[in-house]
Structures are given as C-alpha cells and as structure tokens.
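Quick look at what TrEMBL lists:
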type: DOMAIN; residues: A:7-122; note: domain 'Thiamine pyrophosphate enzyme N-terminal TPP-binding'
type: DOMAIN; residues: A:197-317; note: domain 'Thiamine pyrophosphate enzyme central'
type: DOMAIN; residues: A:380-522; note: domain 'Thiamine pyrophosphate enzyme TPP-binding'
type: BINDING; residues: A:Asp433, A:Asn460, A:Gly462; note: Mg(2+) binding site
Protein chains: 2
Amino acid sequence: MEPAETTIGEYLIHRLYQLRVQHAFGIPGDYVLGFYKQLDESRIKIINTCDEQGAGFAATAYARVRGLGAVCVTYGVGGLKVVNTTAQAYAEETAVVVISGAPGVREQAGNPLLHHKVKEFDTQLKVFQQLTVAQTVLDNPATACREINRVLGAALCYRRPVYIELPRDMVTVKIVPQEEPLQPPDVDREPFREASREAVDMINAATQPVIVAGVELLRYGMHHHLQELVEKTNIPVTSTLLGKSAMGERHPGYIGLYEGGLSREDIRQYVESSDCIVLLGVLLTDLDLGIFTAHLDQGKSIHATSEKTSIRHHTYPGVYLNGFLLGLLQADIRRRETCETPHAPAPTPFHPAPDTRITVERLFQRLETFFDDSTFVIADTGDALFAAADISIPRAAEFMSSAYYASLGFAVPASLGVQLALPTLRPLVLVGDGAFQMTGMEVATAARYHLNPIIIVLNNSGYGTERPMLDGSFNDVYPWRYARLPELLGAGRGFDVQTEEQLEVALEAARGYRDGFCILDVRLDPYDFSPALRRMTSVLGKKVK
Amino acid sequence: MEPAETTIGEYLIHRLYQLRVQHAFGIPGDYVLGFYKQLDESRIKIINTCDEQGAGFAATAYARVRGLGAVCVTYGVGGLKVVNTTAQAYAEETAVVVISGAPGVREQAGNPLLHHKVKEFDTQLKVFQQLTVAQTVLDNPATACREINRVLGAALCYRRPVYIELPRDMVTVKIVPQEEPLQPPDVDREPFREASREAVDMINAATQPVIVAGVELLRYGMHHHLQELVEKTNIPVTSTLLGKSAMGERHPGYIGLYEGGLSREDIRQYVESSDCIVLLGVLLTDLDLGIFTAHLDQGKSIHATSEKTSIRHHTYPGVYLNGFLLGLLQADIRRRETCETPHAPAPTPFHPAPDTRITVERLFQRLETFFDDSTFVIADTGDALFAAADISIPRAAEFMSSAYYASLGFAVPASLGVQLALPTLRPLVLVGDGAFQMTGMEVATAARYHLNPIIIVLNNSGYGTERPMLDGSFNDVYPWRYARLPELLGAGRGFDVQTEEQLEVALEAARGYRDGFCILDVRLDPYDFSPALRRMTSVLGKKVK
C-alpha cells in the first residue's frame, strides 16, 4: 500500500501511524519545523503542550494505553527537557519514541557553534544512550528505513523508550520505503514447554496457590489473558502497586493489593503463606515490596518477566512473560473450588457530615463510589497514589501512576495522553499541590484540545509525603487558588472544597459538566495522611535520618 | 576558622558559602532530605521553586551574578529535570553546582530496584558527565574534602557546571576538613608576555582598532577591566549579543551591538573595516555572528578566550582571557584621539498615541526610557531578546539572556536568581507567551520570597520567531489571561495592555508598586515582529525549508 517513493520524515510518520500512534506531543523549534510541517500534513495530530516536560509525560501515558507513543521536540532545548520523562518511561517500561530535530548534516560540518548545541553535536545522543534501549541518527538515506524499523522494533519488544534524531536537512530526502517486520524472530519453543510443564506441576500440586499480577501485564497488554487464566483456574489473584489494575478490582477472583508488610494484614498472610506464588510481570521494586518488608519465599515462587522466567531457584533465560503466560493458558491446570480468600471491604456509603472538614480518608471513601466504568484514574506520586492504592478500579488497565520511578507531576499531563488514546473515557486525576505546581498548567492543553479531566488537588500545603520523614519549611508549598484556574484559562470549572458537603456538591457538578476540565481544590490539613501513607513513611523515614 | 571536625554535608555548605553562595535553589525529596535539613540549619537559604526546571534556571542566573550558584535536588526525578538547565549553563559558561541526593551507599549494595532509579545507580552520573566539567560521588569520607575542592575549583576555573552526588548515608558522616586552594596553580607568565607584546604592537600600529566584547568578560567578572581598558586607550568598543552589557551601553566609548550582517549598517562597516579587531571573550556562535554573516578578517584579529589567545593565524595555548586582559591594561597602549564612530540614536521620547494598538517597536521605544540604574533587564529567547538587543543598558552586567543555547523559559526563573543575588535591583523580565507558559508560574516563587520583578509578556499568541520561517497551527499558543495571575496567586498586580496609553499607565503603576511582582499582558499582533527579528528570521528561515 505504500508509495514507491517517500521521504525519511514521511516514512517515520507512516510507520508510527501503522503502530497506532495517532497523536504526537511536543513543541516545535527551528531544527524540527520541517518535520512538524510533515506531521501537520499527515494523519498524526500534533498536540502542543505548554512545556516539553508535559509532552514527555503525555506521550508516556499515551504509550501505556496504545503500546507506543511519540514525543517530538527540537534539538537541545527540547530534547534535554524530556530526559526525566524518558527516564521514567525506561524505569517503568513504556515504549516512547523520542523524536528530536537536529542541525542539518551539512550544517554540522566544521563543528561550528550552532544555537542549542551543548558541547559536541552528539552530546544529546550520548545522554539518551543512558535512557533508551535503542538510538539512531537518521543521517544516511541508504539506511534510514532499516534504522527506523530497528529502533521502533526495539521499543515494542522491550517496552522501553527509544531515540530518533532527525537532522533537518534529511527530513525531505527521498528514499524507497522498505517494510520489514518489527517483531523479533521466533524463539526456541522447547524452553517454554519445559518451563510450562514444571510450573503446571507445581501449581497443580499446591494447596493454596496465588497469582501476583505485575506491571508488565499492563505494558504488554496481557491483562486480558490474566483474567482468562484466573477464570479458567479459579486461582486467587493479587496485584502490586505498580501493577495495580492489571486485574479488574471488582472481579471475584481479586483479593486486593499486596505490598509486603504494608499490605492489609489478611492479604499479607494469604500471600506469604501460599505454597505456590505465581508472579507475572512483577518488578521487585522497593515500593512494590513494601520497602522490602515482603516475605516471598523464592523456593515456592514462579516468577515470569519480560526477560526470563525463574522457578524456585533456577532460571529459564529467554522464557519471557508473554509466551509463558500463553503456555499456562493452554496447559492443563486444574480448576479449584472457590475458597475463603481475603476480599476488599464493601465500599462505605458516603453520607456527607454537615460542616465537617474533609480528610484524606473521607475523600477516598467518597471517591470509591464516584468511579464508574467510564472513569480512568490517574494518581500522581505521594499520598494521591498511596491513598488511591486501596480503592477498587472496576475495569482492568484503567488506572495509571508512576509507582516506581515516582516522578512528581506525571498525572495532569498523563491525563492528556490517556484521553486522546481512549476518547470514550474521562480521566480522574488525583494530584498533590506540590506535584500540581510542577506540571499542572498543562490543564491549559486540556482546554486547548477540548478534553475534560476531573482534577482533584490534594492540597495539604506541602510535600506531604516528606513531612513525617523529616520536616522543615522546605516541605511547604506556596498556596495557589487552584479553583481560580478557569478564570486564567477562560475554560473549565473550579471548586473550593473544605467540607464534606462541598465535596459532594463539587463532585456532582463535575460529573454533570462535560464541556471542559474541572478542578477541585480540596483543602486538607498539612498533617492529615492516608493510613497507607502513614505506614509507608514510617518505614521510609528511618532511612532518611 | 573552621572546626576541627565537621560532616561531609556541612563541609560542602561551608565551602559554597565561602564562595558567595547564600541561596540554594531546588525541591526536596527523600534522598536529599537530610542535606536539606543541614542547609536549613546553615547560613545558606533554601529557595523552593515550583519545578526543578525553575530551580536550575534560577541557580544559573544567580551564578552569573555571584560567580557560583547551586541547585539542590533529589535523585533521578530531581536531577534529570535539571539536565536542560545544566546544558544551558555549560553552553553559555556558567558555574552551577548541581547537588543531587542519592540512595545511601549501603542501600545500593546488591543493586536493588530502589524508587527513582532509572537503569543503573550511576545512570544519572553518566548523563551529567556529558554536561559538566567535573563530577564526583561523595561516597568516601577519606576523599570527600578533596573531591569537593577539586570539583568546585573546576567550576570556578572553567565557569561551567559541575555535578556532586551525595548518597544520603554520607551526609552526616564526620570528616576532618581540609582547606585547599580552589584556583589552579600559577601558569608560565612568559607566553602571556609574548602575546601581550605582539598584541600591543599590533594595536598601536592600527589606524582604526575596535574592541569586540564577548560573554566571557561577564562570566569571569572582567567587565570592570574592559571599561578600564577602553577609558585608558579610547578605543571604541562593540559587543556581541551574548556579551551584551559587558560594556555599559551609555558609555561614550560604546558604539552598539555587532551581529555581522544583522548589525546596524554603520556598526557593521566600522567593525569589518577595522585593521585591528580585538575580540575579548567572544564565542563564535551562529547568533553572535549574525548567522555567519559576519566578516571578521582573522588576519586582522586578536582573539582572547578563556582557553587560548589567537593573534592573526597563530595561537598561544594557555594564554587565557583574564591574564591577557590584565596584561593589556599594564602595557603601553597609546591613547587615541576621540574620533567619529557609530553611536546609538538618541532615545525617541515616547508620547502614547491615543487608541493606538501597541506594537513591538513602540513597546521597546517606550522601554528604552523606562529603565533606570536600578533596573536589571532579563530577556527570554525569541523576539524578547532580538528586540531588546537594540536598547541601551545603562550599566555593565545588568542584562541577561540565553543568547546562544537559547532555551525558552529562562527569564522568569532567572529573575529569582538575579534579585536574590542583587537585592537592590529590580528585574525587568521580557518574555514571550510561549516561553512564559513553560516556566512562568515561577512568579509564584517570586511571591513566596517577596521579590518584585516586572514581567512584560510579549503576547503574540504563538512562537513568533517561527512564524516567518514556517508557519502552521503548531506555532499557536493557547491564550492565558496573564493579567489574572495575581488572583490565582493572591499576590502581585496584573495589567492588560492593548494600546499605547494602557502601556503607559501600566508601566507607571508597576514602577510605583514595589510590594510584589507586576505582570503586563501586552497583546501584540501575531505577525508583528521587531525589525531585528525580521532580519534574523529571514536568514534562519532559509535553513528550515
């Protein structure tokens, strides 16, 4: 279907679009203007954010939903502003394509001091070599197609960011397109069969097996297969914080979140006393292991990841999650009787007490019943995340956070990526005031593109997570009147929330107003924390002092 | 004077304070909290910005005034957000110390997945190796003092950023302080004498010598010596854009800005027809050379930089700017008669025309007479800079921009650094709407610390510099009502400016209001450009298409 001749820039766009990238996030600059013109004339829509940081986070969220996302920036002053967002994508396994313009190949001759240059012309490339799984500079028309395919293939295979640098005099250079498969070639099936046989025997012999669902199920879009496995075998399933919503959390097989010693006690006991723990796509991070308070006996564990599978104390290199899980689905695992397992307490009906100041705990009690099937929850780092951990997400893959890299300021720009990728859903953004001040002005981008997130600012006048660890005025955040943002932007609706009744009124109004963003400034006591955060910081705080 | 015993963190603070660092910019996080506590208890004041990007820019501005600045962040999610600001500091020669917290040395054992980790524990260090002249990880009490001195010495010697990583379990480790000289050892004077003799002969033999003042005079604080040289010899002096204000621009010896083919024609002719061009601390960047339209005959040039001095076609390695300039001051250069030179046209008195829409040209005509000796002008990238190029800065070193690396969004956070470093001056910030949306919310930080910049938003509804190169809706910026910011922040004053009369009223009100920031939303036609920008983009645009 593709033309006999195309240009380097158009081929890149064509390939991205084939891979479901219909939006590219970024800010133009002179070294990337030619490529922006091509994008503008293509089927990919450009989404201009306020700052490149916002574009990087938005592209990351988009990539988590669509499998691939793109951020498109200029050289130096653009590229080096998405270093942190690319680092997050690397750490949390998200396939973001960073496309950076650059001075033309001919301009670079003689190594002149061109604007936006840091040290050498390859300085930016060297920075991204630390943060991406594949990189290329498209400076050669003869290899450009192959390079684009190699790099995009790596992004999809490893679900990690990649870097493509496009010198501006190469954008419209004509090439003959070559379509090559992006996926890696087939692997040896025998190790998979052996691992599967061993795992099945171990699972079938167990009296109390449990599945721990991890983030890679979400990243590789395998959560449907997880549900299939759970329904086929009736084995109870828990999830890590980073893997939250890999399983729909109102599914009868779901027992709740496992976070080591920070878990609800019945869940902790159930998981840690299991004689067969099947970890699927779990990253063994400090936050997922309850700051290493988890006690998971490796001698009773099966652990499949995107790179390898371990059973007890031995490893099958190259037996990766997707193939292993599909193998389990086809294997003869016996179906269990429904047994007594932990389950989430039924949501408490929320009756707003008059003239009662709102607390974190009551806010999340209310939110628990506010969600519906068209809500996508995005939690920023901090108590927004820890408090959200305990609420039930109705459908799989409709929750997002940065629960390992933990970069503040992810949630508001992420809501742009989520809603553009899933236009039938409405994002509910949970964000602290400190995080909001970093990137929250991207609500302007929501206004620009007619998106309608509901943004709940957990306004506790500071970096609340840090106060219980070590406090000082450096943990204070200057007060903004967040509910006034609609006046600044000429769009959206703002609500001041100090009491339970005001929360009720604001949430109902936000549900009813669909023409733009809504922002709720929820004023919390600076020392009011969720029960989950209190547990977390008492462990973290010991490491600070 | 120092105690017999101290801690690693306190020693670092002690050394910074000795070097005139009285403020550190940043945002705390758990890996750096212990060091924040030490800072909080020290004579260095912590300045919390909204986002780390703002801290990086503010520290850069502070460093340009004080000689050294510090940005203090947490690991990963903090450090990797100041990559771009550090790159700017590198490219434009500014001594910023990036201090990053890190997981404790003991925590790193076994290479666990700790939150904020990207790939390996040294990933962030490797990134900063590309962007700094010296780096250290303070993981060894036996070498910590020496390492701190080595790295701070390199920052001061090269006026470039450096990187110090401080694992959190090292902060309070006790050490015996060692005071060592930070400056590099003396150099061989003979090459300086030889270069100086040759230069003096060449200058004295010339009939029309001219001095071109570059940015390094500002960075090394040598602008006073430049003035001395000009007053001693009566040789006319011009400046590059990046070196703007190296010479007070109302000094009779100052002839105006030289920017190659983009210069005012009389200046271009005067400089390019000179038989002895003395370039002091000039970086030969594209923007400083009028996008390489400059014709400076190397056979008639003396070019001293921080690394070497060239006379005609030969080079004296190691004969650096400072020593060379001090040599010239002591040498026997003959004093010239005052002759006919170009000079800036007298400022046009501004009489606001009633009901006349404000234009860029008229705005800057008005600003020319608005400045006084207590104004420090900061121009962001774009027409804010190009239009500002032509206005006269009364006193040396009271203008700041990012005229080479050209990172949008520098100016508002820079105003924090400038005013904290120079509390008797009031910053006047010139910033486009696109740049403002990146970092402009740092006005909240101005409010927090009772600073009072006057911010002029050149609101032309887009990335105006790019429109003449290649236009599309991607150059549009979503409209904010900037004058409403005081309502959001509960501080400051805002003004809508659409006409010349409104400009006049707003400027006078801003001059009179000193209790907080003032923001003027100056609504310009999207296709209204300064004459300087029109010249610039016609050259730049040819490279884009």
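Backbone N, Cα and C atoms are what each Cβ position is placed from, and that goes for glycine too.
Look at A:Asp433 (Mg(2+) binding site): DSSP puts it in a helix. Of the chain residues outside the Mg(2+) site list A:Asp433, A:Asn460, A:Gly462, A:Gly432, A:Gly434, A:Leu458, A:Asn459, A:Ser461, A:Tyr463, A:Gly464, A:Asp476, A:Val477, A:Leu524, A:Pro526 have their Cβ within 8 Å of the site's Cβ mean position. When DSSP labels each residue, the domain 'Thiamine pyrophosphate enzyme central' (A:197-317) comes out as 36 helix, 32 strand, 53 coil, counted as helix, strand and coil in that order.
Under DSSP, the residues of the domain 'Thiamine pyrophosphate enzyme N-terminal TPP-binding' (A:7-122) split into helix, strand and coil as follows: 53 helix, 22 strand, 41 coil. The 10 Å shell around the Cβ of A:Asp433 (Mg(2+) binding site) contains 25 further Cβ atoms across the protein chains shown. Secondary structure of the domain 'Thiamine pyrophosphate enzyme TPP-binding' (A:380-522) per DSSP, as helix, strand and coil residue counts: 58 helix, 29 strand, 56 coil.
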